[in-house]
């Protein structure tokens, strides 16, 4: 009897532990995007790091960037990490058992401060492999930090982040793949997929009561980097962001660090795609008002963000952890400074 009771108590304890783990994630099944909950700290602030275009088994300074991320993560009391896509090069993962997952993620981002949830979107390189593999729960069994979906929401109380699957927007991937094969199993029709995604995003944005609204995608809307602006996003996604009071759009794709403003809205465009290979050396001509370009760095690095009810602070760092650019804005004072 005692043995049976101990077994029952053990099973109950295990179930309680599982429930504690999964309270971090609250799934909303009412037609909106899947939602994850990240409680703010006791002082009400939220801090995170943004990294993109990184997974190269430590090469191209990926390990050095990871080391500096760990130091900054400790300094800002990191809550979670955001990945803007192109998580594994050159062609994503070939399966959920691909050793590249541990070689480029688990074995690289080992600092204590980085042992938090990683919220990731897919990039175009991820779509060149088995895109479904990165979404698999098998990876979370290997490394519990890993959260990757096509599109979803992270609710951090005063900050709400809307992650958008931008690769299916880009029409040239369907017609001019340059010899690459894309995993379109979940995208049988480009137009219907994008239409449904935009509808779900708009519903989520309109229902948001967050002080700060951030949209995260892989592709840039505004960029003077190698790839430049993404026409489809500017035509189809940007109007929804403007209509719903989005404060920031964060992306990767261009292997650089970058900050640009919008011409006719308060939205700031922040590129963090310098997690490993960078230094392309080519810059697209600025076709908009050059005053809208606040910062550009063609090298490795990452970005941190800290939010309170009234203030936001964005900081860009290089591979040595040196501050390259800092931008602070206040919603109370309704002005910003560089």
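Here the Cβ of each residue, glycine as well, is placed from N, Cα and C on the backbone.
The structure displayed is predicted, hence computed values, not measured ones.
Residue environment of residue 227 (active site, proton donor) contains 18 other Cβ atoms, counted within 10 Å of its Cβ in all protein chains. The active site, proton donor feature in Swiss-Prot is assigned to 227.
Within the same chain, residues at least 6 positions away in sequence whose Cβ sits under 8 Å from that of residue 89 (Fe cation binding site) are 55, 56, 104, 125, 276, 277. Annotation source Swiss-Prot lists Fe cation binding site at 53, 86, 89, 255, citing similarity to another entry.
Per Swiss-Prot, the feature Zn(2+) binding site maps to 86, 124, 218, 253. Cβ neighbours of residue 86 (Fe cation binding site) (same chain, under 8 Å, six or more residues apart in sequence): 52, 53, 54, 55, 123, 124, 125, 126, 218, 252, 253, 273.
Annotation note: residue 254 (substrate binding site) sits in a coil segment as assigned by DSSP. Look at Swiss-Prot and you will find 253, 254, 255 tagged as substrate binding site.
Taken from Swiss-Prot, the feature N-linked glycosylation site applies to 61, supported by sequence analysis. Long-range Cβ proximity for residue 61 (N-linked glycosylation site), meaning a same-chain Cβ under 8 A and a gap of 6 or more residues, is found for 276, 300, 319. DSSP assigns residue 61 (N-linked glycosylation site) to coil in the three-state reduction, outside any helix or strand.
Among the features that Swiss-Prot reports, signal peptide is placed at 1-31, with the record citing sequence analysis.
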Expressed to the nearest Å, what is the distance separating residue 254 (substrate binding site) and residue 227 (active site, proton donor) at their Cα atoms? 6
Taking the Cβ of residue 255 (Fe cation binding site) as reference, which residues of that chain separated by at least 6 in sequence fall under 8 Å from it? 53, 225, 226, 273, 274, 277, 278, 279, 280
Environment of 86, 124, 218, 253, the listed Zn(2+) site - residues of the same chain whose CB lies within 8 A of the CB centroid: 52, 53, 84, 85, 122, 123, 125, 126, 166, 167, 219, 252, 273
Would you list, in sequence order, the residues of this chain other than 253, 254, 255 that have their CB within 8 A of the centroid of the site's CB atoms, where the site is the one recorded for substrate? 52, 53, 220, 223, 225, 226, 227, 252, 256, 271, 273, 274
Quick one, of the binding-site residues 53, 254, which Cβ has the fewest other Cβ within 10 Å? 254
An 8 Å radius from the center of the 53, 86, 89, 255 Cβ atoms defines the neighbourhood of the Fe cation site; name the other residues of that chain inside it, in order. 52, 54, 55, 56, 123, 125, 252, 253, 273, 275, 276, 277
Counting every protein chain shown, other Cβ atoms within 10 Å of the Cβ of residue 218 (Zn(2+) binding site) number 32
